[in-house]
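First the structure, in the form of C-alpha cells, and then the observations on it.
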C-alpha cells in the first residue's frame, strides 16, 4: 500500500535563507505522525508544502499520489487541514460555517455528529467572533474533518488551550485515528507528541535531526536513564567512573546521581551488591522526550553565533 | 462562482448595518435631503433647464458605487486576507478566488439595488423622469460599477492591513466624490476642469449617465474611458493582489 504522505528532499528558502533544507519522511496509512521542533525550525513551512499552500523550491511532495500544487483540488478533497493562524468571518455562525464547508466537498461527513463529538452542539447559533479560543479551535478541527478526509494535518492544535481542553483534544485525535484517518501532527509540546504519536520527526533548522518512535527517540538520548541513591558506605570514585555506558556522575552531599542506559543500571546494582552497600532512596527514572529533544536540537543561541 | 459562498456572503452583508446604510440608504437619503431644499426643485438655465434634483439622481447612483466598490470592498477583502480567512479557504477544493468573486458580486448587487432605489426615490418624491435611454444608462452603470470594484480591488491589493485600506480608502474618497460631481455636477464645472474630470472613472460615468438620463446614447468616449479604467485597474489588481 502506498504511503499517505510522501515528502522527499523538500527544500524551501525565504530571502536566501533555507527554512526547509532537505526534509524527507513518509506517513503511512492509519498512523499519527508527529513533527516536533523548536520555533522557527521549519515545521509549519513543511506542512504548508504538504497542504499546497506553498510551492517548494525543490524536492517532491505527494499526498495519496497527488502533487499538492499541480493537483490542488484532488489533494484538498482527501486532506483536511487545521492551520496555525486562520479565522472565519466574524459574523458567521458555527452552523453556517459547518454547512458552508460541507458544501465544498463531494462526499462530506455529516457535520451534526461531528459537532456533537466536539462539544459544539450548544454553540451552533453562536457567531465565530463570539466563540472562545478553545471553541474556535474545536470548530477548526470540525472543519478539517467535515470533508471526510483520508488524512488531516493539525498544526499547533492545542496551543492556547487549557490543560483540560488539551487532554480532551488528545482523546479526540485518538478517536479520529481510530476512525481510519491518518494524522500529521505539528507540535512543540513533548507530552503531546509522546502521548499521541506513533512516530516523530524531530526537525531542527530545516533538517530532520531524528525520526523514530517516541521510545526510540528517548533511548537515543545520551543520558536516557537516571539513577540516584544515597549509599550506606562510601563508594570508590574510580569504580563509578568505570561503569559501562555512563553519561554523567554527580555528587550532592551523600547523594549520587548517575545517568546512562539500562546497562549502567545493571552494573550499578552489581557494584553495590559486591561491596554489600545498600542504596537508600534508590530512584531509577527514564529520560523523557524532553531530554531527547534537548539532545537532538541545538539551542537558539548557537544559531545566532553561527 | 460557488453558490454556497455567494449565499454566505449575502447573508453576512445583511448582518452589517453600517455597510447597508452607507451603500444602500445613504445615497437616496442624500438625494431626499437635497431635494427637500426648495431651490433644488427649480429649473436652472446653467443646467440646460434641468432642476438640480434631476442632476443629483445620477450623482446619488455614483455615490452608491463609490461606497460599495471603492470603500466597502477593500475593507472586506483586506480583512479576509489579514485574518487568514482566504488562507483557510485555500486548503479546501474551493479556491479563495471564489470568496473574492462572491464579495464583488454582493457589493456590486448592493450598489445596483441602491441605484434603483435612488431612481425610485427621485421619481416618486421629486418627479424626476426615469432614464430616457434605459439601455445606455444600464450599460454606463454596469461599466461604472465594474471600474469601482476594480478600483476597490487595487486598494485592497496595495493594503497589507485593514487600517491601511481604510486610510487609502478615505484618501481616495474625496477625489472620487468630487469627480462624480457631488459638490459641483460635472456638467456645470468650468470647461477646462470638466475635460480633466471626464477622464477619471467617476467623471466619465457622471457624463455618460447624464446623457443616458436625458435620452441620448452615452458618448463612446466616456464609455471608452470607463472600459479603459476597468481593464487597467483589473490588471493592476491581478498583478499586485497577494493571497496572504
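The backbone N, Cα and C atoms fix where each Cβ goes, and this holds for glycine too.
As written in TrEMBL, here are the features:
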DOMAIN    B:18-244  domain 'ABC transmembrane type-2'
TRANSMEM  B:20-40  transmembrane segment
TRANSMEM  B:55-77  transmembrane segment
TRANSMEM  B:98-125  transmembrane segment
TRANSMEM  B:137-158  transmembrane segment
TRANSMEM  B:165-186  transmembrane segment
TRANSMEM  B:219-241  transmembrane segment
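With a cut-off of 8 Å between Cβ atoms, the residues of this chain six or more beyond the transmembrane segment (B:137-158) that come close are 61-62, 65-66, 68-74, 77-78, 81, 100, 104, 107-108, 111-112, 115, 131, 164-165, 168-169, 172, 201-202, 205, 208-209, 212-213, 218, 222-223, 226-227, 229-230, 233-234, 236-237, 239-242. Tertiary neighbourhood of the transmembrane segment (B:165-186): same-chain residues 47, 52, 55-56, 59, 62-63, 66, 70-71, 74-75, 77-78, 151, 155-156, 158-159, 194, 197-198, 200-203, 205-207, 210, selected by CB-CB distance under 8 Å and a gap of 6+ residues from either end. Long-range contacts of the transmembrane segment (B:219-241) within the same chain: residues 139-140, 143-144, 146-147, 150-151, 153-154, 156-158, 198-201, 204-205, 207-208, 211, each at least 6 residues beyond the stretch ends and with a Cβ under 8 Å from a Cβ of the stretch.
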